[in-house]
Structures are given as structure tokens and as C-alpha cells.
Amino acid sequence: MNPASDGGTSESIFDLDYASWGIRSTLMVAGFVFYLGVFVVCHQLSSSLNATYRSLVAREKVFWDLAATRAVFGVQSTAAGLWALLGDPVLHADKARGQQNWCWFHITTATGFFCFENVAVHLSNLIFRTFDLFLVIHHLFAFLGFLGCLVNLQAGHYLAMTTLLLEMSTPFTCVSWMLLKAGWSESLFWKLNQWLMIHMFHCRMVLTYHMWWVCFWHWDGLVSSLYLPHLTLFLVGLALLTLIINPYWTHKKTQQLLNPVDWNFAQPEAKSRPEGNGQLLRKKRP
């Protein structure tokens, strides 16, 4: 199947020759550079304008900038995923093999983002000697999965777009963590955002069940359009997300609503500075 037309728009950012590897690889690089730019701009603006950011240690600043970058990507992914899930007739006509030019744009730029994300996470882990297993697995599977879609002109776009919709929680996660660091964990706004974020994580779980349903009813189309390693990677990743990662993150975010602490950093810092005023620091942290 050749990359499909997006319904007749003659001059559009989506109206490119996506059968060309040069176009697809260029957009992937553009996605990497764009989100690297978001990361750098966030650092510059936060350093200039935000007192909370200036008070953070280096590792927390990196996490802040990554959270903001993920939030921007989350907005892009949510818009694209919702349209694929609810509105695009071509994708709904063939959920296994249907393609759209606008989907090619999001797949290529998302591949660039996940490449950036993997580089950033691994560099951060190397520099700060940390390791988040679930996050590493999540983004490795995401990058390899979207890279598989990018190189395979036969791959359908519906499941790729609904996978992007799983990023619906990232803007709320970003807001939650930034407000937590700013000491706003008792505010009504933080609690409302936390409720919405938990709801988004539950929606993610429901969405994974829908994706399994699509796989079951369109199995023959998936087998004929995806390479076996790519299909295996997708199914293993979806299983990990459904059975382990989504439930774990939903549990942790619910815990955080009831006990608003920064579980990304509080425990390691407490261990690294156990003497003196370590207990006082733990109490001060939101």
C-alpha cells in the first residue's frame, strides 16, 4: 500500500511525498531537533523567569525540562490520537492497513521525539547515576515501534495513532510535578489537576483494551502488513503497558494525590543525606 492522500488538500504540511525515505527521515530529524529546541527553550525561560526552577538541583532541572518537553509532545499526540480514534473515516474503514498523510507526519515527528527522549533519558541516567526501568522500557518500545512504522510503507496508521493518544496524561503529569516543586500541593488547582491526571491514566488503560480489541478483529490485516519482529515488539509492548506499566503508574499517581510527595526524587535525596537536617528537608519538600 502506498502512502494515502489526505483527502485533496493541495498545499499543506501534510501534502508531502511520504513514499520517499528522504522525506520521512528528514521529518524524523526535524522532530528530534524541534523537541530538543523545546527542551533548551524551557531551560532558558525557566532559568530567567522561575525562582522555583533556579532553586532545583541539576538533576531536577533536567527532569523539569523533560517534563515540559513531554507535555508539548503530549498535546500534539492527544490531538492526533483523538482525531484518529473519533474522526478519520479512512482509518476507521481499515484499522489494520489504512493510511493518511497527516498520520505520516505525526509518525515521523514522533519517531524523532522518542529518539530525543531515549538519548536524554540515557544521558541523564549516565550523568546522575540513576535508572528508571519502567521509563526506559516504555520509551525504548515506543521508539522502536514508531521506527518500524516509519520504515514500513505497508504499516497501517490506526494503532500507531491510538498509541500516541496514550500520551494524553503527560501535560497533566508536567503540571503536577512543577506545582509540587513550587509548594502548591495543597492548592485546589493541584488537586484538580491530579484528579484529571488520574482519570487520564484510567483512560489509558481503557484505550489499551480497545487496542487489543482492534488486534483481535483485524489480526489477518496486521500479520500481512507488519513485519514479524515489529508485530512481536508491538504486542509485547502493549502487554507490558496493559498488565504492568499503566497499573503501576496509575497506582503511584493515586498515592500521590493522597500523599503529595515527589517520589521521583525524595527517597534518593533522603538516602544520600541521612544526617543533620535530612528530616527537615523531607518535611519541606511538597
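Cβ atoms are placed via backbone N, Cα and C, with glycine included.
According to Swiss-Prot, the feature transmembrane segment maps to 21-41 (among others), an assignment based on sequence analysis. For the transmembrane segment (21-41), the residues of the chain that approach it from at least six positions outside its boundaries are 65-66, 68-69, 72-73, 104-105, 108-113, 115-117, 120, 150-151, judged by C-beta separation under 8 angstroms.
According to Swiss-Prot, the feature transmembrane segment maps to 62-84 (among others), an assignment based on sequence analysis.
Annotation comment: Swiss-Prot describes 62-262 as domain 'TLC', evidence class sequence analysis.
If you look up Swiss-Prot, you'll see 103-123 (among others) marked as transmembrane segment.
The transmembrane segment annotation in Swiss-Prot covers 131-151 (among others).
The transmembrane segment annotation in Swiss-Prot covers 226-246 (among others).
Residues or ranges marked as motif 'ER-retrieval signal' by Swiss-Prot: 283-286. On the 0 to 100 pLDDT scale, the motif 'ER-retrieval signal' (283-286) averages 41 in the predicted structure.
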